[in-house]
Amino acid sequence: MASYSIILSVGGTSINKYPGKQHARRVAAYLPKHQGLIYLPGQQTVLSEDSDQARPFKQRRYFFYVTGVVEPDCHVTYDIAEDKLTLYVPDFDFKRTIWTGPTLGKDEASQRHVEYYSSLEGDVQRWSQGNPSSPIYILHPDQRPVTPLTVAYLYESKSLKHAMDACRVIKDEHEVQLIQRANRVSGAAHRSILANLRHFKNEAQIAGLFIDVCLSLRSKGTAYETIAGSGSNGATLHYTRNNEPLAGRQMVVLDAGAEWSCYASDVTRSFPIPSSVRGGGDWPSREAEQIYTIVQRMQEECISRVKEGALFFSIHQHAHAVALEELLKLGILRIPRGSTKADLIKAEATALFFPHGLGHHLGLEVHDVSPDSGTIPLDLAIACQNGLMSVTEHRPPCTLSAPPLASGMVITVEPGLYFNRLAINQAREERDKPDSKGRFVNFDVVERYVDVGGVRIEDDVLVTKNGNRNLTDAPKGREMLDLIYGR
């Protein structure tokens with residue numbers, strides 16, 4: 001009966017390509033004991049509440065890392081001493097195959113041992129009986145493969161996540177290729193939007209075309225919810241409603257990235273709305289061009305500093321230094337009488353306009369794991385309470401405690417400047433307080449820039465031994481403008 005199950009869906013173009021077993025070996029080398037059994041469950045099929053329809057499937061990333069399998073309802077074990085990776089697949093169901101088509105079966109066992117799920121409990125019992133002093137490594141205490149009955153299982157849930165995070169943060173060449181493939185799809189989608197922008201009337205058309213291009217190029221979709229914010233919506237860091245008209249607005253912030261074989265891209269471009277440009281030129285206002293130029297400089301200088309051994313926190317600080325210099329030139333920031341530039345820096349006044357971290361790790365998750373983070377990865381581009389984030393409140397790699405950048409890391413570099421009305425009003429209300437950011441802001445000048453909304457430019461960058469390699473090819477700068485205006 002197993003012959004009915006003939007399709008194996010894995011990352012890459014063939015079953016042999018994704019280096020899952022090599023990943024399992026790397027993980028084992030980081031564990032405290034070089035013997036034991038690693039167990040990881042894949043994502044199970046889950047029905048929506050009060051429905052017979054399954055929720056959209058997203059494979060568990062730790063499971064995928066050692067298998068490359070994107071089928072639901074699977075499990076995997078890795079016997080460290082025997083170097084044996086065993087994939088457990090759902091028991092064959094003829095009726096299910098008639099309804100949903102062939103799925104993963106035992107016959108597709110190239111470079112891995114495959115069993116049906118019904119044998120998992122017995123296999124674990126036999127392994128534990130034969131290795132009574134060796135641990136079964138699990139990610140979380142509630143992810144045990146079987147309920148203990150007569151066997152005293154030795155579960156260990158403290159080491160596996162740290163070991164897997166240490167491995168996942170350094171990408172091998174195959175993983176880099178998948179991230180680059182995701183970026184190529186993203187680049188094609190961004191190009192299509194720029195070329196058609198003059199025909200669009202609303203944000204939904206921008207977001208819709210991005211998804212359309214991703215799917216047409218055989219991506220499974222986007223790595224995260226698309227952000228297509230026009231005008232003041234571009235000043236909301238994670239604006240995802242994408243349902244407002246473009247008319248009367250100057251700029252769009254498009255933060256959108258494709259996924260390829262479970263690997264993410266994360267790309268942001270900011271561009272002028274052609275219908276808002278009057279009397280020739282490329283920009284709807286001098287202010288929009290000025291802010292774009294500043295952010296472009298911030299990104300270019302920060303990317304040039306990305307290399308093995310560099311501290312990302314220092315690069316993040318450089319982005320703020322550039323912002324400080326340029327915002328002082330424009331008169332947006334000021335040094336009041338009795339104060340110094342050092343006071344402005346101490347107050348972190350630039351965080352009013354640049355309220356997020358410079359970037360984050362990228363990989364199987366868009367906000368990927370950090371080395372030995374011990375926590376679920378958090379988005380560095382999320383504002384803290386009151387819409388402002390201190391430069392000391394970011395998560396890795398934007399922290400003083402984060403380790404230096406290492407070859408094989410993939411990080412985003414995404415500086416931005418935003419004129420968020422809520423944040424500006426709050427700073428104005430608090431400007432008389434001695435420790436406020438508002439003391440250093442010229443609010444009359446700021447009003448000229450509010451209609452710009454926001455500008456963010458984001459690329460995905462591979463750290464190499466000799467510097468870095470930019471994996472993102474979505475147009476920006478002059479190439480972006482030429483596409484918009486058909487030149």
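Note that Cβ sites are derived from N, Cα and C of the backbone, with glycine treated the same way.
From a predicted model like this one, the values you see are computed outputs, not experimental measurements.
Record note: Swiss-Prot gives Asp266, Glu458 as Mn(2+) 1-binding, and the candidate from Glu225, Glu308, Glu325, Glu414 in that site is Glu414. Site annotation (Swiss-Prot): Mn(2+) 2 is bound by Asp266, Glu458, and the candidate from Asp255, Asp451 recorded at this site is Asp255. If you compare Cα positions, Glu414 (Mn(2+) 1 binding site) sits closest to Glu458 out of the binding-site residues Asp255, Asp266, Glu458. Residue environment of Glu414 (Mn(2+) 1 binding site) contains 26 other Cβ atoms, counted within 10 Å of its Cβ in all protein chains.
Annotation: Asp266 carries the greatest number of neighbouring Cβ atoms among the binding-site residues Asp255, Asp266, Glu458 [cut-off 10 Å, Cβ to Cβ].
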